[in-house]
């Protein structure tokens with residue numbers, strides 16, 4: 001039992017020593033020991049005398065042996081022996097043979113011994129020592145109490161040194177390595193616990209063998225100083241045991257000292273890699289540097305940031321964002337923004353800089369020369385000259401005569417497509433929805449006077465963009481005017497397009513077979529538009545035609561051939577192909593297809609094309625009869641496949657070296673378009689929010705690109721101060737599942753023009769409650785959109801007075817409340833209508849009439865001059881003399 005108690009005491013001392021060293025209290029203890037040794041009051045001699053006096057008083061018998069021994073050690077009282085003994089070693093116990101009455105005196109003197117008070121220690125240091133030695137003092141108190149209750153015999157004391165001297169440095173090594181709460185390895189602290197100067201250790205070991213008694217007294221005094229005030233001292237039996245230490249114990253202590261020296265030297269010579277090394281806490285010379293973590297990587301980063309400098313010369317393309325420009329200049333975006341703000345220009349990191357002057361000024365401020373890269377512009381515009389300029393600059397020997405491109409233009413239902421059918425001997429007009437042309441047709445037809453390339457343009461007002469493209473592409477414009485109706489709005493628009501493009505105009509006055517045909521009216525209208533006909537002495541050729549009877553068609557062809565001969569239309573078939581997109585669509589089996597018209601050069605199968613925002617490689621090429629072609633000569637319209645996307649109608653195209661070059665060009669163009677789009681980013685319409693305007697959101701799908709343009713143009717032209725129209729997206733093809741989901745999320749209406757709904761998207765329309773409208777005729781679509789816009793407007797409420805009654809008396813009812821006896825003074829009071837109470841020309845209440853009675857019978861209405869009983873709905877504050885007005889609320893729909 002005593003062995004386990006001693007082992008536990010040893011572990012507690014080891015732990016206390018570790019904590020003392022970690023808290024830096026070992027130095028404090030050394031200072032306290034020095035202060036105590038220098039103090040005369042706390043000298044070993046005085047303490048021994050005090051102990052002797054107290055023992056004499058208690059026992060009543062003299063004790064000469066302790067008195068003589070303590071006097072002999074008076075000269076060595078100031079020697080400190082703290083370094084020669086490890087705090088982890090067991091306390092030495094000496095086996096001696098005491099005199100006859102010595103043991104009796106010692107056992108009786110135990111309760112009378114008290115620890116001397118240390119006067120040289122401040123209260124703060126004393127409290128700190130109490131905290132660190134609490135566990136050891138408690139163990140000593142338990143030990144003293146056990147010794148007081150059961151005094152041991154001298155034979156028992158002789159057995160204790162064998163048990164208490166088994167402590168070796170191995171007990172320190174057996175402690176499991178672990179990290180403390182600060183992340184430092186505990187081995188570092190253990191290695192420092194045994195540190196002591198080598199010279200002092202050697203001197204202490206020599207003095208242990210020669211001068212045992214002074215060392216024992218010093219150690220006893222040192223142990224007494226370590227005890228805090230207020231605690232009991234060691235038993236008196238320990239004093240004589242120190243004086244009678246055997247030589248065997250001296251040998252054991254010397255061995256333990258040499259082992260500790262070897263362990264210290266091994267720790268100092270070979271230092272293990274600990275957690276402090278991992279976290280960089282062992283670097284530095286001073287004690288504070290060892291506890292401070294060195295963050296080398298952060299200091300390196302800061303040094304690198306200061307090293308980075310702005311380059312002297314950079315090359316960029318405009319437009320460019322502030323963030324991208326700062327990255328090119330190796331600067332922070334905040335520095336550029338600050339510099340711009342100082343000079344009165346407010347920008348954020350995502351704003352776009354498109355001014356060359358501003359960009360060059362920024363570079364000048366930071367000492368950087370900025371060069372604008374124009375190679376992107378060269379890719380954006382492959383050729384600067386037009387097709388006509390290119391033909392005029394070509395060697396005349398390479399030029400050949402090409403067939404004329406003729407565009408038939410005019411008002412809707414004036415017979416353009418019918419005349420073309422008569423020339424081609426086909427029936428295209430019957431296949432058009434609503435018997436009106438809504439697409440641009442391009443095809444070649446063989447006539448007795450040669451081949452003619454015909455463009456059939458829509459006549460509806462919504463297709464002005466198509467008519468404009470037709471006027472730009474063609475060589476001759478055939479202006480079709482109905483002789484019975486004369487010139488209309490779209491006819492005037494077609495004339496303006498032709499004049500703007502400086503194109504020859506031939507007027508075909510159609511429907512000459514009708515009885516109300518009046519050619520003079522048409523001549524007069526043409527003259528008013530500065531188109532003086534040849535019959536009136538002008539230069540404009542006019543021909544009377546009839547598509548039904550075929551009258552005048554041959555004369556029309558001859559006139560076209562004559563005009564083409566006068567124009568001397570030529571082209572270079574050996575040049576690379578250039579032309580325009582007439583129409584484009586998304587085919588289910590072929591993908592993106594486009595009808596293109598070759599204006600110059602020859603287009604071959606397998607060549608790479610570049611459009612405005614897409615590219616392609618010609619995989620197949622068909623004519624209007626769906627025959628496969630290997631090449632297309634000038635003035636030939638063909639249908640091509642193999643495109644990366646759907647090109648827009650009217651986009652020019654040109655042949656490039658290969659598909660790789662075409663892809664690079666389009667990538668550069670798309671990057672430029674994104675930067676331009678950032679400049680023209682749509683701002684929210686705060687005016688519409690303040691005015692509380694309704695917004696109709698639309699998703700448009702059509703069969704061809706031209707139809708989308710026409711429909712969007714017509715929708716945006718609907719003027720309304722109450723409703724705005726916003727087109728969320730538009731595309732070519734059938735209405736897909738993604739379109740339905742987008743419409744559901746944004747609460748939009750889907751408009752389909754000449755298209756249908758995909759099969760797997762139809763169930764979503766009902767599940768998500770999305771409104772989908774399909775149209776084949778454009779003006780039907782426009783009318784339907786106007787109705788939808790009108791439906792968004794809240795109806796206007798109008799109050800119509802029906803009659804009035806005056807309250808003559810009031811009657812209280814426990815079940816119904818207040819019943820008003822009234823006389824109808826005006827009109828008719830009708831049940832289930834609205835009532836307002838008026839007093840002194842002010843409306844007090846508005847509500848409904850819940851009950852109307854006449855002579856205890858429920859009636860629907862009471863006319864003027866009759867009395868009735870009226871019960872109001874949840875109102876009982878009316879008085880005699882108030883006027884009850886009966887009125888009806890009528891809602892009227894608003895108009896755009």
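Cβ from N, Cα, C; glycine included.
Swiss-Prot lists 410-417, 456-460, 510-513 with the feature GTP binding site.
The annotation compositional bias 'Polar residues' is assigned in Swiss-Prot to 35-48 (among others).
As annotated by Swiss-Prot, compositional bias 'Basic and acidic residues' applies to 153-169 (among others).
For 203-214 (among others), the entry in Swiss-Prot reads compositional bias 'Low complexity'.
Annotation comment: Swiss-Prot describes 215-227 (among others) as compositional bias 'Polar residues'.
Taken from Swiss-Prot, the feature compositional bias 'Low complexity' covers 228-241 (among others).
Summarising the annotation, Swiss-Prot assigns compositional bias 'Basic and acidic residues' to 256-280 (among others).
If you look up Swiss-Prot, you'll see 401-570 marked as domain 'tr-type G'.
The region 'Disordered' annotation in Swiss-Prot covers 32-99 (among others).
The feature region 'Disordered' is assigned by Swiss-Prot to 117-304 (among others).
Swiss-Prot lists 410-417 with the feature region 'G1'. Each residue of the region 'G1' (410-417) gets a DSSP state, and the totals for helix, strand and coil are 2 helix, 1 strand, 5 coil.
The region 'G2' annotation in Swiss-Prot covers 435-439 and is backed by similarity to another entry.
Per Swiss-Prot, region 'G3' is recorded for 456-459.
According to Swiss-Prot, the feature region 'G4' maps to 510-513, an assignment based on similarity to another entry. Residues 414-415, 418-419, 480-484, 519, 544-549, 551-552 of the same chain sit 6 or more residues outside the region 'G4' (510-513) yet have a Cβ under 8 Å from a Cβ within it.
The Cβ of residue 413 (GTP binding site) has 17 neighbouring Cβ atoms from other residues within 10 Å, across all protein chains displayed. The Cβ neighbour count for residue 512 (GTP binding site), using a 10 Å radius and every protein chain shown, is 20.
Residues in the region 'G4' (510-513) partition by DSSP class (helix H, G, I; strand E, B; coil) as 0 helix, 1 strand, 3 coil.
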